[in-house]
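Per Swiss-Prot, the feature NAD(+) binding site maps to Ala3, Leu4, His5, Phe6, Gly7, Ala8, Gly9, Asn10, Ile11, Gly12, Arg13, Gly14; the stated evidence is sequence analysis. Look at Swiss-Prot and you will find Lys269 tagged as N6-acetyllysine.
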Amino acid sequence: MKALHFGAGNIGRGFIGKLLADAGIQLTFADVNQVVLDALNARHSYQVHVVGETEQVDTVSGVNAVSSIGDDVVDLIAQVDLVTTAVGPVVLERIAPAIAKGLVKRKEQGNESPLNIIACENMVRGTTQLKGHVMNALPEDAKAWVEEHVGFVDSAVDRIVPPSASATNDPLEVTVETFSEWIVDKTQFKGALPNIPGMELTDNLMAFVERKLFTLNTGHAITAYLGKLAAHQTIRDAILDEKIRAVVKGAMEESGAVLIKRYGFDADKHAAYIQKILGRFENPYLKDDVERVGRQPLRKLSAGDRLIKPLLGTLEYGLPHKNLIEGIAAAMHFRSEDDPQAQELAALIADKGPQAALAQISGLDANSEVVSEAVTAYKAMQ
């Protein structure tokens, strides 16, 4: 089996690329970073530090790389069995024209073996969005052929890959946590379902997308916002603070109650999942900075994201939400000189006051009880 993976950054090399190579798939990375491309083609291998209770170093081998903006990448799309991405949501649109060209070439060459494309991004139904961009870039006479022979498979991904703080100057070395989760929508594949260790197949992807958003992302953000307020440097420092831990765990339990109601998750299994996530936040090898995790507070306070969406679920089912409110209030206090959204948030609160500002950012009714609860909590933190 041959695969092409767009994005040879830390997540591409440390997570998806590693799983594919470990499964014995012939893997080519596509990227624009010439230093990384040259290193991959010189060595055909790289090291991944996998850190949990202990640290182990795995070597990923048998890989090569091409530029994502040249002809080579188009040729490969005409030949491979699987295309994956880890480029960031914004970049999906930029790689779509190359994918479209490759699909046209595949059709011209008469290659009718199934191709599956999986975007592995921190977003909901990212592959469906990529498909829209690819379809827009295709000539009309290729669209029906692509619909018939190419699967666009949505996925949910979860692995903490912090920015490399390695003392070496090796452009390929990467650190990842032991935990990883790659869940794909098995209803969207063309041809036989792949058997790749570390890839889980489901016919209910949205349940797992929300489970991650409402647990890992909610907990991570609240840990960062409360941690910043308490002058902690890292996520580990923050979660070891008992006061913060109680609120974070409480918020994940509140959002979890929504998931259990909505999707029928088993309550005991979900409690174990929350414990596992608290353990991930404590990982001593992950120097995860609270400022990095907290950045873009406007996005994180928007209606469909990790703080407001679970809160809306608690309102829908009439469930408690005291800790989620604490997290939202802490997010409103987030300040960072390096983050334009943090500055915009501060300006909005200064201009309109916390009540109107939160309503504008989150879409919540300014006169609602929850907004007033959040404003009370916000003022209590000043």
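Here the Cβ of each residue, glycine as well, is placed from N, Cα and C on the backbone.
When other Cβ atoms within 10 Å of the Cβ of the residue listed as 'N6-acetyllysine' are tallied across all protein chains shown, the result is 9. Its Cβ placed at the centre, Gly9 (NAD(+) binding site) has 19 other Cβ atoms within 10 Å.
With a cut-off of 8 Å between CB atoms and residues at least 6 apart in sequence, the same chain places Phe29, Tyr46, Val48, Val60, Leu172, Val174 near Arg13 (NAD(+) binding site), listed in sequence order. A gap of 34 Å separates the Cα atoms of Gly7 (NAD(+) binding site) and the residue listed as 'N6-acetyllysine'. In the shown protein chains, 24 other C-beta atoms lie within 10 A of the C-beta of Ala3 (NAD(+) binding site). For the binding-site residues Gly7, Ile11, the largest tally of other C-beta atoms within 10 A is found at Gly7. Annotation note: Gly7 (NAD(+) binding site) sits in a coil segment as assigned by DSSP.
The Cβ of His5 (NAD(+) binding site) has Gly12, Ile16, Gly17, Leu20, Leu27, Thr28, Phe29, Ala30, Val83, Thr84, Thr85, Ala86 as same-chain neighbours under 8 Å, each 6 or more residues away in sequence.
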